[in-house]
């Protein structure tokens, strides 16, 4: 099978595409896989590390507030379609799989024009603009959350599969993850992060949490700031004369996320579909703070899906304070029964192996 995968912009679109590609390669080692991305997205950095060959095409986010930018986006998209068609004529794909992001638009349209079987995966409970516009070109639309179906127009194409998570997250053990990170096996471990880009609001309250538990024995706090906020956090600590103690670990970017999630007792994060899926696969309790700056408030619905099952505490950003976060963290630290129940509910709400389902659905159409 010759397969093109595409998805870009953020890790939330890129890693699901990689997970699907990995499953196809596992099932069919002789398969040929090509990743098509855009040169302004994170895929340009992430995909080469996986070993998959990659091609880049033009694509641009649609800004509907400016008529001139709408025309510019249209021109860029058509250029991307032409580039993708040229790639496909050489690569000759049987299947094109898109996982969201604006690069999907030219690639999926080109795949349809070329005559390949086209598949979409929507990670969120509220679908993005790109995927909604591409549904008509898809043989099937795979859904991370069944709630997303109501926002599309062709329910007969929909297959509920959950969100693709890389195999390494299913295999992680807490004791092994802590050993890998040199964390005491008996510590209460809190891991805060804001996604691949970082999140300023989460960093602000997490900073105060860090200050509150700085130097506490039996507690480890891992503070994933995001690369663009890392120096800001260090400067802030310096300005406040905070001496960072060994129980605090400040990280600009997390490469081996499975170890950090695996080592934690409690996660503090946004509610991007991938983050939620990876957290629940690892069976971790979470405090989820959805970003209000996303299409259709989809992170709120992602978080609510887990919170309703008891696996997470949902705090909307407009209600979030440092005092509230510190109080919740300490409450869970001191109530292991509640924490254990949350972890169990989190794991029960985790997606089954979405990549296995996606692969089998694609094979049905051969």
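Using N, Cα and C of the backbone, Cβ positions are placed for all residues, glycine too.
Annotated UDP-N-acetyl-alpha-D-glucosamine binding site per TrEMBL: 10, 11, 12, 124, 166, 196, 254, 273, 274, 275, 276, 277, 278, 299, in sequence order. Residues or ranges marked as domain 'Glycosyltransferase family 28 N-terminal' in TrEMBL: 3-142. The domain 'Glycosyl transferase family 28 C-terminal' annotation in TrEMBL covers 189-348.
Annotated features, which come from TrEMBL, shown on the structure.
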residue	record	DSSP class
10	UDP-N-acetyl-alpha-D-glucosamine binding site	coil
166	UDP-N-acetyl-alpha-D-glucosamine binding site	coil
254	UDP-N-acetyl-alpha-D-glucosamine binding site	coil
274	UDP-N-acetyl-alpha-D-glucosamine binding site	helix
Densest Cβ neighbourhood among 254, 276 (binding-site residues), 10 Å radius: 276
Local confidence of the domain 'Glycosyltransferase family 28 N-terminal' (3-142) - pLDDT mean: 93
Counts by DSSP class (helix H/G/I, strand E/B, coil) across the domain 'Glycosyltransferase family 28 N-terminal' (3-142): 70 helix, 26 strand, 44 coil
CB within-chain contacts under 8 A for residue 278 (UDP-N-acetyl-alpha-D-glucosamine binding site), separation at least 6: 165, 169, 257, 258, 261
Other CB atoms, at most 10 A from the CB of residue 274 (UDP-N-acetyl-alpha-D-glucosamine binding site): 27
Candidates 10, 12, 166: member of the binding-site residues with the richest Cβ shell (10 Å): 12
